[in-house]
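A.B. asks: Not my notes, these are from Swiss-Prot:
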DOMAIN    1-129  domain 'C-type lysozyme'
DISULFID  CYS6-CYS127  disulfide bond
DISULFID  CYS30-CYS115  disulfide bond
ACT_SITE  GLU35  active site
ACT_SITE  ASP52  active site
DISULFID  CYS64-CYS80  disulfide bond
DISULFID  CYS76-CYS94  disulfide bond
Amino acid sequence: KVYGRCELAAAMKRLGLDNYRGYSLGNWVCAAKFESNFNTHATNRNTDGSTDYGILQINSRWWCNDGRTPGSRNLCNIPCSALLSSDITASVNCAKKIVSGGNGMSAWVAWRNRCKGTDVHAWIRGCRL
């Protein structure tokens with residue numbers, strides 16, 4: 001599923017991401033835009049053999065099990081396929097675990113490069129939340 005901007009913002013808010021670990025909703029919507037273009041079915045293979053899955057491009061080396069990533073830790077205890085669902089609950093729950101680690105949202109390269117230090121509120125402007 002490809003979410004609309006405000007549709008995704010509303011879903012993320014409902015699932016408790018607004019100000020989760022101090023990151024406003026705009027940060028999460030911005031990250032999703034530049035990680036997956038709001039597409040829950042996005043997958044991208046990495047040079048180390050791992051794959052990033054779903055709307056927040058969660059990595060199989062650490063966070064989920066896809067059965068083909070050597071030494072996968074599966075710290076979210078989920079199959080990576082769960083991260084491709086049109087229902088973003090699994091992605092959000094895993095993202096909460098990721099952002100609670102030492103690096104915060106810097107765990108997402110796209111957030112670091114495209115969202116951090118910008119006017120992320122623009123990503124939810126005009127949305128009825």
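Even glycines carry a Cβ here, placed using N, Cα and C.
Could you place the listed features in the three-dimensional structure?
C.D. replies: On the 0 to 100 pLDDT scale, the domain 'C-type lysozyme' (1-129) averages 98 in this prediction.
Annotation note: CYS6 (disulfide bond) sits in a helical segment as assigned by DSSP.
Long-range Cβ neighbours of CYS30 (disulfide bond) (same chain, at least 6 residues apart, Cβ-Cβ under 8 Å): TRP111, ARG114, CYS115, THR118, VAL120, TRP123.
In the structure as shown, the Cβ atom of GLU35 (active site) sits within 10 Å of 23 other Cβ atoms.
Annotation for ASP52 (active site): spatial neighbours GLU35, ALA42, THR43, ASN44, ASN46, ILE58, ASN59, SER60, criterion Cβ-Cβ under 8 Å with sequence separation of six or more.
Cβ neighbour count for CYS64 (disulfide bond) (all protein chains, 10 Å cutoff from its Cβ): 29.
With a 10 A radius on its CB, CYS94 (disulfide bond) counts 24 other CB atoms from all the protein chains. According to DSSP, CYS94 (disulfide bond) is assigned to a helical segment.
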A.B. asks: What's the most sparsely packed of the disulfide-bonded residues CYS76, CYS80, CYS115, CYS127, counting other C-beta atoms within 10 A?
C.D. replies: CYS127
A.B. asks: Across all the protein chains here, work out how many other Cβ atoms are within 10 Å of the Cβ of CYS6 (disulfide bond).
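C.D. replies: Summing over all protein chains shown, CYS6 (disulfide bond) has 16 other Cβ atoms within 10 Å.
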A.B. asks: What are the helix, strand and coil residue counts for the domain 'C-type lysozyme' (1-129) according to DSSP?
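C.D. replies: Once the DSSP states are binned, the domain 'C-type lysozyme' (1-129) shows 53 helix, 14 strand, 62 coil.
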A.B. asks: For the C-alpha pair, I'd like the distance in angstrom between CYS80 (disulfide bond) and CYS94 (disulfide bond), rounded off.
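C.D. replies: Cα of CYS80 (disulfide bond) to Cα of CYS94 (disulfide bond) measures 11 Å after rounding.
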A.B. asks: Which of the disulfide-bonded residues CYS64, CYS76, CYS94 has its Cα closest in space to the Cα of CYS6 (disulfide bond)?
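C.D. replies: Checked the disulfide-bonded residues CYS64, CYS76, CYS94; minimum Cα distance to CYS6 (disulfide bond) goes to CYS94.
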